[in-house]
Each structure stands twice: as C-alpha cells, then as structure tokens.
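S.K.: Quick one: structure below, then a few questions.
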Amino acid sequence: MGFWGVRGFFMLCLGIESTAHTFSVGIVNDEGKILSLISDAFKPQTGGLKPVDVVEHHYTVFDTVLKQAISKANIEFSDLDLIAFSQGPGLGPCLRVGAAISRSLSLQLNIPIVGVNHCIAHVEIGRLLCNVYDPVTVYVSGGNTIISAFDSGMYQIFGETLDLAIGNMIDMVARDYGIPHPGGPKIEEIAKYGTNYINLPYIVKGMDLSFSGLYTAIWKKSKEETSKKNQADLFYSLQETSYSMLAEVSERAIAHTEKNSVLVTGGVAANKRLQEMISNISDEHKIEFHVVPLKYAGDNGAMIAWTGILQYKTSKKTEISETKILPKWRMDEVPIPWRNSLKDKVNESKKEKPIIELKKSEQTILQEFNFTGEIIRRGAEAVLIHSKWFNRDVLIKYRLSKEYRISEIDSNLRYSRTIKEGRTLIELFKCGIPVPSIFEINPNKGLIVMQYIKGSRLKDVIPDLSNKELEKIFREIGYWLAKIHQTMRMHGDLTTSNIIYTQKGELFFIDFGLAESDIGIEEKAMDLHLFKRVISSTHGKYFPFLYDQFILGYSKFENSDQNEIQAIISRINQIELRGRYNIERNKESTK
C-alpha cells in the first residue's frame, strides 16, 4: 500500500539521473508504475567523454527534459511529493548538475529530497521490472563492473573489476579503432564476422577481474595494420575473452551465495553474447535468468525515482545539507532497510536446489575410468562425486566443459587448472598443510581423484558455532594460510565455501584451481583481501571479529617475518583502493 500524496493515495516521485553522459528524468508512483521517462544522452563527435562537454549538455537539455517528463506523466510540478537524484557514484561535474537541479526543485516545491546510490538503483529497477526478489546481480556498464547480492542488510560486492570497467574498456578499444562513442554495439556487430580466436590475457582473481592487460594487448594490435577480417577476429576474441571472464566470476558468485536467480543490468547488458553466456550458466544451475529491459538497463531517471521512494519510506528524511555529491560512493556502504524487514523471504530464496544430472557425454568420460558414485555438489567449475577407488572412499573432482566458453578458452583453462590444482595439493600435503591427498590426476579429462573428507563447508556451519569456536577456527585459518604462503604459493580463491570443517573440528583447504606459485607480497595480500571480502559479504554479522582473528592467526605464525606481515597488510589497503570505488575516496567528495 502506498503513502498519501498530493494527488491522493499514490506518492509521486521525480527522479533525476546525471552520473555520466545521460541526463534523464523519470516519474514513478509508490506502486512501481512508471508514468514517464525522458532521457537525453550526450554523444561526442569524436573521442570519449569530456566532463566539461557533458556538463554543458546537461545544462542545455535539463529544462526541456523536465517539462517533457511532467507532460508525459500528465501531471503538474505541484503534484509531486518527492525529488530523488543520483548522489553517486559518478563523474563529479555531472553529478553536481543533477544535485543542483534537485535541490532547487525541492526548495521551490517545498517537498522532500532523497539522494540515491546509482548502483543500487540499477538493482532495484531490475527487481521491480523483472519481478525477481533476491538475485545475484551482474551490473556491467561504462563505469562499473560489479557482481553483487543482498546479505547482512546490504548489497554486498562479491566480485568487481580491479581496474577498468568492462564498458569503459570496450569503448577505449573502439576509440583506438576510430569507432565513435558508444563503441560497444559496433564492436558487437563486427565481432559476429570473426571466426578465428586470437589468444588474449584472461585475468580472474577469485571473484575479481582485471581488464587492463586485455586492453593493452588489444591496443598493441591496433598499432598494426589489420584487414577487416583481422579486425573481426580481434573483436570476436575480445568479446569471448572478456565476457567469459565475467561469466566465470558470476557463476562463482552464484555457486557461493546459492541464490535462485541472476539479474543482468547496466548498459553492457544489451550485449547478446553476454546474455547468452549468463543464460547458459543459469540453465546449468537451474536458476532464473533475467535481463533488465534495455530502456531501463542503462542509466535512467525511473530507477532513481523508484529507489528514492523505497529509501524515503524506510529511512529518515534527508536534509538539504546532506545532499552533497559522493562521486566514489560504493553500494556496499549503503544500508538497505526496505529489505532488512524481509529476512525470511531472503532465506527462502536460498532453499536447496535439485542435484543436476551429468550429461551423457560427461557420464561417458567417467565410465571410461569405471567411476560411479553420488554427486554431492556442483560448484562453479566442477562436480564433486563421492566414489570408490581401489576400495577407498574418494572424491572425484570433475571439471566440466563450460558451454558458454568457446573451446579454445575452455580446454586451456580446464587443462591448466587441473594440473595447477593437482600439483599444489601434492606439494602442500608434503608440507603438512591440511589438504586432501591426491591419488590420480588426468588433466586431459579434467579429473582429479583425491581423499574423501567427510565434513561440511565452513560457510554452512558458521551460524551454529559459538564465538569461542569461531575465534579458534579463524585463527587457525590465518595460521595455515601463512604456512601456505611460506611455501611461496597462494590459494587464489579462498572462501568459506572452500574450507571443509569436520565433526572433530578439523579444517581442510580445497579448490586450488586458481593457485599460483613463486609469489610475492602482492599475491599474498590478494589472498587476504579476497578472504576479507568474503567474510564481510557472506558473514557480515560476524565482521570484523572473524577477520581480526584471521589476521591475528596469520600474523602469529611462528616463522613469519613481521616486517613482511606489515607490508602485506599495507598492500591489502592498496588493493582495496584499486576497486572501482572505495570508502576513503568518499573523503574527497564535494558539494
């Protein structure tokens, strides 16, 4: 039921979006009906976006866009009950335009004003229009690449780019090849004619991604003389590599959070190849797949208006003095009270999913080795089968061929990661680290036969353990990770889903497919950073207590160099600063 508004029962909110190249106004009522949406996007004749030009565009068009939105909604300005605007993140000069106009309207009309987080608005408009309650959200645009899900009262970030946003990277490639902004649709069109895959950097770090190496490789090739055919192959390879990386980390988040749906939003969501990949993953995990309608997937005022209503009805009133822009405002800093009151529904969305049967081709491979048994779990990369091997209880880890990836990428990843994981487990076992012992490795088939360890994922038992037990466990995790690092190896994907906890209280570390050897400070810090974020996003109720115990255990390892420990912790802070936005940068915010 809605609030009483000026016109009667329905509250009307006008939302203003101005984070980047689009100035948009949407009018929405508190039942979620979109009365109007008018947008005007700045398109540079050459090159990329220059903030000074975008600001001039916004100031030129805002009056017309506002009046058209009011007219299309068939209302008067006096009918409005609330003003909402994009407070951040975004380009500071562009944000100021929307903020100034919103403040002026709020004061002139004497109605409340609400500052909205742009990234959260993308999620909320998707939940509204796609009628999906609790998805993993893949938000991809020119300014953002974020994999998020609701947990512990906030939209937690499970994965993100460590440098370039995927849309920005693609636009940069387009500019290098003389393609005007926006370059994504043109690159997608040209890529359809590509047939030969060109090997490009594929950089995934746990659930994070890095696109800078990929861009540099493409940039170098742009300096070479290329035919139309070569350009098509290059763009084809660019799409296959970048979207496979994105799909992989999305699947990892789906497997870890166990949500029953996935939502794709943002300007890059329009790409059909990306949609195909995420849809394939959804089918494999038997979850719902949703793409926000194109009109509302990109930046728009309707998403700001709708999120403004949700926020206004569950939060305190925003004062004008609190409406300064926040160009680096992360979505995982924002409490979500309109969902906090619905925890039971969130828990329902994590109900156990049915076990997925292997395909005939996959069954055939297992039959070649006389492997039978019970599928106990399907993760992001592999199925785990409890079986017998020479009368021993064993676990068969079978890396499945991923249909969303082309064979040139998939076969290489399956082979290299199977070898990497097998070798890492063997070496760590020799060093006395609690990992499963290895009996057989077949990298050509993506198979590892290892010791079967009866226990539960640590992720699943944390809520049932006492603080004293958790303190001991997380100190032990820190201790063992320090010992792993002493062998000059990193885990690469350390989460509470990748640690087994037995009834005897023992810990076993698993899933070393992203492990690296010959590591330094950077790689060690990356392991700690990834685990820190998993604790905060998945177990926020216990953060920072668990993280503090983890760091204490890591620091107190008997052979640790305290100078190196301090260097590693300092590097964690540097890694966090590489994220698209971060808390410290909010201090730079200005009105």
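Note: Cβ is positioned from N, Cα and C throughout, glycine not excepted.
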S.K.: TrEMBL has Tyr139, Val140, Ser141, Gly142, Gly143, Asp171, Gly184, Glu188 down as binding substrate; which of Asn260, Asn271, Asn280 does it also list for that site?
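M.R.: Among the candidates, TrEMBL records only Asn271 at this substrate site.
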S.K.: Of the candidates Asp299, Asp332, Asp393, which does TrEMBL annotate as part of the Fe cation site that also includes His118, His122, Tyr139?
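M.R.: The candidate from Asp299, Asp332, Asp393 that TrEMBL ties to Fe cation along with His118, His122, Tyr139 is Asp299.
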S.K.: Around the C-beta of Asn271 (substrate binding site), how many further C-beta atoms are within 10 angstroms, looking at every protein chain?
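M.R.: 23, counting other Cβ atoms within 10 Å of Asn271 (substrate binding site).
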S.K.: Cβ within 8 Å of the Fe cation site centroid (His118, His122, Tyr139, Asp299 excluded): which residues?
M.R.: Thr19, Cys119, Ala121, Ser141, Asn144, Thr265, Gly266, Met303
S.K.: Tell me which residues of the chain lie with their Cβ under 8 angstroms from that of Asp299 (Fe cation binding site), as long as they are six or more apart in sequence?
M.R.: Glu17, Thr19, Ala20, His21, Thr22, Ser24, Ser39, His118, Ser141, Gly267
S.K.: Out of His118, His122, which of the binding-site residues has the smallest number of neighbouring Cβ atoms within 10 Å?
M.R.: His118
S.K.: Taking all residues of the domain 'Protein kinase' (370-591) together, what is their mean pLDDT?
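M.R.: Per the prediction, mean pLDDT sits at 91 for the domain 'Protein kinase' (370-591).
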S.K.: Distance check, please: Cα of Asn271 (substrate binding site) against Cα of Tyr139 (Fe cation binding site), rounded to an integer number of angstrom.
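M.R.: That separation, Cα to Cα, works out to 13 Å.
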S.K.: Does anything in the same chain, at least 6 positions from Tyr139 (Fe cation binding site), have a Cβ under 8 Å from its Cβ, and if so what?
M.R.: Cys119, His122, Val123, Thr145, Ile146, Ile147, Ser148, Thr265, Gly266
S.K.: Going by DSSP, give the three-state secondary structure for His118 (Fe cation binding site).
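M.R.: SS state of His118 (Fe cation binding site) = helix.
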